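The feature signal peptide is assigned by TrEMBL to C:1-25. Residues annotated as topological domain 'Cytoplasmic' in TrEMBL: C:1-7. Under the heading topological domain 'Extracellular', TrEMBL lists C:29-144. Per TrEMBL, heme binding site is recorded for C:HIS123, C:TYR127.
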Amino acid sequence: MNPWPFVVGAYAIMGIGMAGIAGVSWRAMRRAERAVEALRRR
Amino acid sequence: MAPAYHNYGAWGEPARLWLESRASIDYPGCAVPILHALANPARFLKLARPLTPLCFWCGVVLALIGCWAGLTRTPPDYLQGDTVRILYIHVPAAWLGMAGWGGLAVASFAYLVWRHPLAAIAARAMAVPGALFAALCLVTGSIWGRPTWGTWWQWDGRLTSMLLLFFVYIAYIALARADADRGGDGRIPAVFGIAGTVLLPVIRYSVVWWHTLHQGQSIGLTGSTIAPSMLWPLWFTLSGFTLFFAAIVLMRMRAALGLQKAEARMRRMAAA
Amino acid sequence: MKPKHQRFVLAGLALLAIFGASALALSALRDEAAFFYAPADIVGHLPDPNRSVRLGGMVKQGSVERQGDGVTIRFVVTDGKASVPVRFTGVTPDLFREGSGVVAEGHFRADGGFTADTLLAKHDERYMPPQMAGKMHKTESLKP
């Protein structure tokens, strides 16, 4: 059995999962901190 | 005056006011000054702001070096061949799935004892990334199992207990959300977080206590049964993924703190 | 005692109680949670032949023999204390080797042998490059 499709698949899923959570967490943080900033200026 | 801070059992208005008041308060009679200094949200944010990108980029660079070395710089295994390369992501995922719950439990314990809102925020911030890494551990392990064992999934002790940990994460996330929606003080999810710790030794020792399909522990306190020429990229991925995890937790804590502050400010503006 | 200390002690006690209860439950589960029987586990009391069970251990060195039909193999599973002869018809996993771990799913026969429907290769915790393995112990592939 050729192992490379399994290896590449595993690394790809890992990369997608980590990029996904980084993106979601970053956006949530930015949105919350911007809201605080906007309220402070008002 | 007794520090009113100790009476913040409720996750309600007093805690919000306290978060609002931010720096320049000192708590007379504090037993653990350093911990309490860190526990001040303003000081926490001062530390977290530069730490977030630092952890994130160091983590990404280390993880990429580890993955690259694991894919190209190490010899294939004498039995598994190139399939062994999945190890370099599977082991860090398993470590973070379990360490994530360990951190969540410590924060929950701190919250229950000292009733500090920041500890509750930290515990909740670790749940989603912990669940993700537990899931990634299961998926990468399954992909490794197909060419190695000849099966995607078997109900052996190690696999079943790890799947259980994933479900416990999901239950915690649902419980914490329901508690927050109901306006609860976060005590119930904290108790659940501590109780779930039972699974960690079960996962760790499942391969010792029971006959399992999963192999025994390769890396222990006394050494490793992985050849040194194959082991070294694992240290890069382990440290890199851990720093990445820390960055994600910091981001989520900052998001939760920001949301809380914005809510409190809106409420005050509506009252004025 | 300050309420903070009271909570500390209470939480600690609760934690201990949870761990104690789980330790008891786990020790009761000990035999049920095993994924397979090792040959030494079933000496003298074979599982019911009609029951589907798993047998695990090492494939004994030099025990694998291919039958005339080309798809049936016989080999011996051992754990060092006892051994069981196994018969299997089908495709073996890539990592099935003499001297390596195996888990067979199937049932025991009345004569004490085991008929396997599925074979799973069980990997051990050692990882090493081929040059090193050659020095440490010989592994022979079944495939020509």
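Cβ coordinates are placed from backbone N, Cα and C, and glycine is handled just like the others.
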Counting only residues 6 or more past its boundaries, what in the same chain has a CB within less than 8 Å of a CB in the signal peptide (C:1-25)? none
Taking DSSP as the reference, which of helix, strand or coil describes C:HIS123 (heme binding site)? coil
Write out how many residues of the topological domain 'Extracellular' (C:29-144) are helix, how many strand and how many coil, based on DSSP. 12 helix, 44 strand, 60 coil
Average model confidence [pLDDT] within the topological domain 'Extracellular' (C:29-144): 82
